[in-house]
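TrEMBL annotations:
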type	residues	note
DOMAIN	19-146	domain 'CMP/dCMP-type deaminase'
BINDING	Cys71, Cys105, Cys108	Zn(2+) binding site
ACT_SITE	Glu73	active site, proton donor
Amino acid sequence: MGDQKMRHELINGLNGHLLGIKELIRKSLEAKKFAYCPYSKFRVGAALLTHDGTVFTGCNVENACFNLGICAERIAISKAVSEGYRDFKAIAIASDMCEHFISPCGGCRQFMREFGANWDVYLSKPDGSYVEMTVEELLPASFGPEDLRMKKVNIRNEF
């Protein structure tokens, strides 16, 4: 039980870096303040932790052509990828919803899954309370990059 409690209190990074879960959630709440959401008025912030302790933040950005908006989670991950990171430890997600924990949309779940199924996702409320899940728990029986490497049926010989 002590090990599990420690996991909930600290997210261990490399090089002796320790970042508290509450601190990661605080960073996602801060990122939410920069959301550009003039249409939905639904602010979302995300804070992504890499294994070396680097944190990338993101906020949702809407567009008058609604389907061109981008979620906070995808922005944080894209920022990290554009800086050369591909392996993530955790992401915290925040919104203004007080009665429910924020949960990533299906597109963001698949986007997170591209970078592995076994990293932590913290779904939070404005008061800092959170629920911890993994990408795999959010998107069970998922399709990932390793599935593209599996042997496939030769289409010409199928009939």
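Using the three backbone atoms N, Cα and C, a Cβ is placed for every residue, glycine included.
Locations of recorded TrEMBL features on the structure.
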residue : record                    : Cβ within 10 Å
Cys71   : Zn(2+) binding site       : 20
Glu73   : active site, proton donor : 28
Cys105  : Zn(2+) binding site       : 12
Cys108  : Zn(2+) binding site       : 24
Secondary structure composition of the domain 'CMP/dCMP-type deaminase' (19-146) [DSSP: H/G/I, E/B, coil]: 40 helix, 35 strand, 53 coil
Integer Å distance between the CA atoms belonging to the residue listed as 'active site, proton donor' and Cys105 (Zn(2+) binding site): 9
Per-region confidence, the domain 'CMP/dCMP-type deaminase' (19-146) (mean pLDDT, whole number): 96
Cys108 (Zn(2+) binding site) to Glu73 (active site, proton donor) - Cα separation in whole Å: 6
Chain-mates of Cys71, Cys105, Cys108 with C-beta within 8 Å of site centroid, Zn(2+): Ala72, Glu73, Arg74, Pro104, Gly106, Gly107, Arg109, Phe111
